[in-house]
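Q: For reference, TrEMBL lists these features for the protein:
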type     : residues                                                                          : note
ACT_SITE : CYS80                                                                             : active site, proton donor
ACT_SITE : CYS232                                                                            : active site, proton acceptor
BINDING  : ASN18, GLN51, ASN71, GLY81, ASN82, ASN172, ASN205, GLU223, ARG224, GLY233, THR234 : substrate binding site
Amino acid sequence: MLPSPTRVRFTKMQGAGNDFVVLDATREPLALGAEEMRRLGDRRFGVGADQILIVERPTTPGMDFSYRIFNNTGDEVEHCGNGARCFARYVRDRGMIGRDTIRVQTVNNALELHIQPDGRVRVDMNAPRFEHADLPFDSAGLVPTRVGDFETWPLALADGGSVDIAVLSMGNPHAVMRVADVEHHPIAAIGPQVERHARFPRRVNAGFMQVLSRSHIRLRVHERDAGETLACGTGACAAVVAGIRLGWLGPKVDIDMHGGKLTVEWAGGAQDSVFLTGPAATVFEGEIEL
Ligand SMILES: N[C@@H](CCC[C@H](N)C(=O)O)C(=O)O
């Protein structure tokens, strides 16, 4: 006998065009495998999303919820800034919590999210991490260039080219590059080479930033697994943190991405949290047989 298909209720959401399938596992557990995640994320055979978010009951005291994040390949990941904002709107708009400030645990973080009167969500993304082991990034034998109070690393690419990257973790790994004109930069060619570079054994999200002023950048991100997305929240945080440490940016920066605008604030200390503010909205709801 064939196993009976699983029917799953879902909500499709987006934050600055980075899109998500959100599933509620607070009432009963959801045991979905990687194949089912891929199906949900598939834009032709499923719902279509960059990431799948599963909302669960918390397991840590003081937390309101727990949530897990999967790329549309089915791989579980550590952090998702746009997803965190959608998560906040999801639980608040459904009356799953009666407050505008929400605490949620992820696989390696505890986040505080605040729904503002204008509907946007401000997320305390925690402090960035700079230890190469946190990404991980293997810099053995590379000679860094000191810029500001940070450094960039020369990364030789498979196609014979090379890029200068700043590396940091926002809970998930990021490599950030400064480019002169982000619209015309060959991101489809360079992004995958950086993502899959042997020096990043768990791969990396590759951000391409054009600095317009000390408080304004344009950013495109080739995300690990998902490819280039319309916006990446952790990528926006990583670009601003790198830009501040490299001396190019001030403490509050507006970020233009293809799917919308985000704002990132960071006071610059090693223990200081990064704050991400931006939109989050429901697109539609439905049920799918997996
Ligand atoms: N879109 C996200 C990041 C999702 C995870 C990323 N692709 C990874 O693999 O680390 C965001 O808004 O931060």
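The backbone N, Cα and C atoms fix where each Cβ goes, and this holds for glycine too.
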Q: Can you give me the same-chain residues 6 or more apart in sequence from ASN18 (substrate binding site) with a CB-CB distance under 8 Å?
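A: Listed in sequence order: ASP50, GLN51, ASN82, GLY83, THR229, LEU230, ALA231, CYS232, GLY233, GLY259.
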Q: In the structure shown, which of the active-site residues CYS80, CYS232 has the fewest Cβ neighbours within 10 Å?
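A: Result for the active-site residues CYS80, CYS232: minimum number of other Cβ atoms within 10 Å at CYS80.
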Q: Out of ASN71, ASN82, THR234, which of the binding-site residues is least crowded by other Cβ atoms within 10 Å?
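A: Sparsest of the binding-site residues ASN71, ASN82, THR234 by Cβ contacts within 10 Å: ASN71.
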Q: If you measure CYS80 (active site, proton donor) to ASN205 (substrate binding site) at Cα, how many Å is it?
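A: So the Cα of ASN205 (substrate binding site) lies 11 Å away from that of CYS80 (active site, proton donor).
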Q: May I have the list of same-chain residues other than ASN18, GLN51, ASN71, GLY81, ASN82, ASN172, ASN205, GLU223, ARG224, GLY233, THR234 whose Cβ is within 8 Å of the Cβ centroid of the recorded substrate site, in sequence order?
A: ASP50, VAL77, HIS79, CYS80, GLY83, VAL221, ALA226, THR229, CYS232, GLY235
Q: Using DSSP reduced to three states, classify ASN71 (substrate binding site) as helix, strand or coil.
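A: Going by the DSSP assignment, ASN71 (substrate binding site) falls within a strand, counted as strand.
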Q: Please name the residue among the binding-site residues ASN205, ARG224 whose C-beta has the most neighbouring C-beta atoms within 10 angstroms.
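A: Counting Cβ neighbours within 10 Å, the top one is ASN205.
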